[in-house]
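Colleague: Please see the structure below; I have some questions.
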Amino acid sequence: MATLQAVSGSLTASERGILTAINSGASSLSLVGSGFIVLCYLLFKELRKFSFKLVFFLALSDMFCSFFSIIGDPSKGYFCYAQGYATHFFCVASFLWTTTIAFTLHRTVVRHKTDVEDLESMFHLYVWVIRSIGNHHHGHISRVAAWCWAQTGLTGQVVHFVTFYAPLWGAILFNGFTYFQVIRMLNNATRMAVGMSERGHQSDARSDMKALNRWGYYPLILIGSWFFGTINRMHDFIEPGHKIFWLSVLDVGMAALMGLFNSIAYGLNSSVRRAIYERFDLFPDRFGRLLPRNLRQRGQQQDSELISLKTEGQ
């Protein structure tokens, strides 16, 4: 991935081999997780709503990001350039799609706008076109250990910060601020509903509040995935040529797991679980029993949960 220039410098060949294995294993998990969400979107028609369409594009970006990250030791020339360009492009596109999800949620819940579907073309322009223009500032591509990346040295580090870490932390700040506003507003509405409803419905409202509070963890995915990479890049500025192996391990491993984290947090939601449960429910009981018990129970409770959330939102 874009942060894998950390494996160069003073690291030995065996240490670079370890990092290559970690990257391949973690990226494979992300590829499977994001690919599963893409497959669910394509197979289940009931998931093809605008909100989950954004999750689909997020998973698609993660899937390609993971795929190109798995390709180790590409040949020089065009293939090296293609890998370096593709990993940077799709990894940045991934966290840009998280900002569109946060923006959509904020515009719908906080600002009470219903025109979010009309903004889809603007979202694509924002993520794909502008992202592509930003990639052209890389300059020449060089091989860095088992991966390709932009030019090394001080110029390359500055370009890397401007084109990758600047939009990354901008997305983190935007998502954090947006979800804070959404959660605060929905928590206030839920507390009012709890106070006005009967005691029999208060437990349901409190469980809904816990579900809403999970949105606060979404910005932590980007922080957890790229915190060590950011520290590693800062260390490169301070002590160029001197790499810290354990920091590089955390850098490569956590960054490669971003697709898996996104697929679990954004993709494996109640709608997906219900769609899977309903497909298994079409088969004989012995196949339905293959599902975990908590998934079967959640599938049976989805309708009441959605009705509860809808009532509170009104």
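Each Cβ is built from the backbone N, Cα and C atoms, and glycine gets one as well.
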Colleague: May I ask you to indicate which of 20-42, 158-180 is given in TrEMBL as transmembrane segment?
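Modeller: Going through 20-42, 158-180 one by one, TrEMBL gives transmembrane segment for 20-42.
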Colleague: Just to confirm my parser: what is the rounded mean pLDDT across the domain 'G-protein coupled receptors family 2 profile 2' (19-270)?
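Modeller: Mean pLDDT for the domain 'G-protein coupled receptors family 2 profile 2' (19-270): 82.
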Colleague: Could you pull out which residues elsewhere in the chain have a CB under 8 Å from any CB of the transmembrane segment (54-72), counting only those six or more residues past its ends?
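Modeller: The answer is 1, 4, 20, 23-24, 27-28, 30-31, 33-35, 37-38, 41, 83, 86-87, 90-91, 93-94, 97-98, 100-101, 104, 123, 127, 146-147, 256, 258-259, 262-263, 266-267.
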Colleague: For the transmembrane segment (215-232), could you work out the same-chain residues 6 or more beyond its ends whose Cβ comes under 8 Å from its Cβ atoms?
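Modeller: Same-chain residues near the transmembrane segment (215-232) but 6 or more away: 3, 6, 95, 98, 102, 105, 165, 168-169, 171-172, 175-176, 179-180, 182-183, 244, 247-248, 250-251, 254-255, 257-258, 261-262, 265-266.
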